[in-house]
Amino acid sequence: MELVFIRHGFSEWNAKNLFTGWRDVNLTERGIEEAKAAGKKLLEAGYEFDIAFTSVLTRAIKTCNIVLEESNQLWIPQVKHWRLNERHYGALQGLDKKATAEQYGDEQVHIWRRSYDVSPPDLDPQDPNSAHNDRRYALLPKDVVPNAENLKITLERVLPFWEDQIAPALLSGKRVLVTAHGNSLRALAKHIIGISDEEIMAFEIPTGQPLVLKLDEQLNFVEKFYL
């Protein structure tokens with residue numbers, strides 16, 4: 001069986017080189033075109049889906065919609081869930097990456113961005129831009145909504161969704177598309193493929209490129225490739 005991952009198209013804050021995380025930003029024109037191209041690739045390669053999973057952030061939802069529209073599958077069920085959100089970048093969200101490196105030093109920012117288990121500084125829950133003040137997450141327990149995450153914590157967040165929804169869908173024979181974010185998809189890929197804590201740091205998923213994971217009947221990893 002095959003599972004398809006797509007990282008959302010290039011966003012407004014990708015273009016501005018800002019830390020995004022759980023902040024909700026839109027796609028750029030480039031991002032829209034990336035999503036259209038991804039949908040056309042899937043159509044040309046004959047990929048059909050029974051269900052699509054995405055996050056509750058606009059850039060991923062729009063990418064999912066565009067991909068499905070371009071591949072003539074906008075009618076299939078979509079499940080939006082916060083567990084597929086991007087990694088939460090804490091107090092760095094909204095900050096310029098270059099300016100942050102100048103303030104804290106390249107090495108410290110590199111550790112925050114690329115180490116597996118070191119989180120950036122927490123975002124104050126009282127901050128107007130905190131997810132605690134976003135009605136998308138109003139029904140979640142306060143201790144579930146993050147103030148900052150590293151990739152290890154992100155994996156711990158996405159894993160229950162894999163086990164409860166994505167894996168059962170695959171095992172039931174459904175053809176699955178997951179349209180999400182760089183780090184939530186990297187976390188899932190780490191679990192599925194069996195990538196080590198060290199190797200995952202160099203594992204990147206480009207925006208708008210369909211990544212196909214081939215799995216056996218027990219969901220063991222076989223191979224991966226981009227369309």
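Placement of Cβ uses the backbone N, Cα and C atoms for every residue, glycine included.
Classification of His8 (active site, tele-phosphohistidine intermediate) by DSSP places it in coil, neither helical nor stranded. Residue density at His8 (active site, tele-phosphohistidine intermediate): 31 other Cβ atoms are found within 10 A of its Cβ, drawing on all protein chains shown. Feature annotation from Swiss-Prot assigns active site, tele-phosphohistidine intermediate to His8.
A simple way to gauge crowding: the CB of Glu86 (active site, proton donor/acceptor) has 25 other CB atoms within 10 angstroms, across all the protein chains here. A coil conformation is recorded for Glu86 (active site, proton donor/acceptor) in the three-state DSSP classification, outside any helix or strand. The active site, proton donor/acceptor annotation in Swiss-Prot covers Glu86.
Around the Cβ of Arg7 (substrate binding site), 28 further Cβ atoms fall within 10 Å across all displayed protein chains. Per Swiss-Prot, the feature substrate binding site maps to 7-14, 20-21, Arg59, 86-89, Lys97, 113-114, 182-183.
According to Swiss-Prot, the feature site 'Transition state stabilizer' maps to His181. Secondary structure from DSSP puts His181 (site 'Transition state stabilizer') in coil. Listed in sequence order, Arg7, His8, Ser55, Leu57, Arg59, Ala60, Leu84, Asn85, Glu86, Arg87 are the same-chain residues at least 6 apart in sequence whose CB falls under 8 Å from the CB of His181 (site 'Transition state stabilizer').
Ranking the binding-site residues Arg87, Lys97 by how many Cβ atoms sit within 10 Å of each one's Cβ puts Arg87 at the top. For Gly21 (substrate binding site), the same-chain residues 6+ apart in sequence whose C-beta sits under 8 angstroms from its C-beta are Glu86, Arg87, His88, Tyr89, Gly90, Leu92, Gln93.
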